[in-house]
Amino acid sequence: MTDIAATAEMQAALLSRALPYMQRYEHKTVVVKYGGHAMGDIELGKAFARDIALLKQSGVNPIVVHGGGPQIGAMLTKMGIESKFEGGLRVTDQKTVEIVEMVLAGSINKEIVALINAEGEWAIGLCGKDGNMVFAEKARKTMIDPDSNIERVLDLGFVGEPVEVDRTLLDLLARSEMIPVLAPVAPGRDGHTYNINADTFAGAIAGACKASRLLFLTDVPGVLDKNKKLIDELTVAEAKALIKDGTVSGGMIPKVETCIEAIERGVEGVVILNGKTPHAVLLELFTEHGAGTLIVP
């Protein structure tokens, strides 16, 4: 057998094995939160766009939600605005929220749309303001003061939490064979614009759409056990236990908590996976073993 024939046979075998998984997700909604290192790598960005295009061509209804923290920080520095933090969280004043909206909804959003469109699909860039899709309220965050051990309220300015999601526009776009690319910016009923954590925003969107899967592309392979080995699958109860016993710690805690909240809103399964792996989305959805940690009810 020639090398060309062997390669063709291998590709055919891969497609054959992927078929049952393609059928499983046909006509289902999959929300993908795109962030981390992959957003800063041109080739990984192209591979991600190709994955999203292939999902659509396979009959899946993908929705992309993206972050952009490093890009926001870079723009603030460029404009001579000092980034302020409270308890490790960015404080977003009026001037900052205007820049956040410009970077997320204006710059990054359109770059992702262009990448997907270059793969032959029809993507459209939106944020929570469009079609009154998402309404937010000022986030209520607290922290324990390390000196006094007293809980205090953090004033993060125009940092919000999604409290209302209307899926009407998203359903319309799905029927129109379009791929929504969403920036985590939303209005409040008070007339202010709010910057929302992209993970939280993605969880709210996935919950409202009763998504089959919510994928979080991160810079880590997934949830690790005490021996630093990847855990393939967890139930919500098991995930809560890992947080309680300290196995899940640091920045992974809010990530796992967001996964749990999404499942409680009706998402069938949430996956934390490494976005630095080329075609991580396809590996997770269309292969037997997946590519990260799946959290299920």
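Cβ from N, Cα, C; glycine included.
Lifted from Swiss-Prot, the feature list:
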- Lys33: site 'Transition state stabilizer' (SITE)
- Gly68, Gly69, Arg90, Asn195: substrate binding site (BINDING)
- Lys255: site 'Transition state stabilizer' (SITE)
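Here the features listed in Swiss-Prot are placed on the structure.
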{"residue": "Lys33", "record": "site 'Transition state stabilizer'", "Cβ neighbours (10 Å)": "30"}
{"residue": "Gly68", "record": "substrate binding site", "Cβ neighbours (10 Å)": "24"}
{"residue": "Gly69", "record": "substrate binding site", "Cβ neighbours (10 Å)": "16"}
{"residue": "Arg90", "record": "substrate binding site", "Cβ neighbours (10 Å)": "19"}
{"residue": "Asn195", "record": "substrate binding site", "Cβ neighbours (10 Å)": "26"}
{"residue": "Lys255", "record": "site 'Transition state stabilizer'", "Cβ neighbours (10 Å)": "18"}
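In the three-state DSSP assignment, the secondary structure recorded for Lys33 (site 'Transition state stabilizer') is strand. According to DSSP, Arg90 (substrate binding site) sits within a strand segment. Following the DSSP three-state reduction, the secondary structure of Asn195 (substrate binding site) is strand. Between the alpha carbons (Cα) of Gly68 (substrate binding site) and Lys33 (site 'Transition state stabilizer') lies a span of roughly 11 Å. Put simply, of the binding-site residues Gly69, Arg90, Asn195, the one whose Cα is nearest the Cα of Lys33 (site 'Transition state stabilizer') is Gly69.
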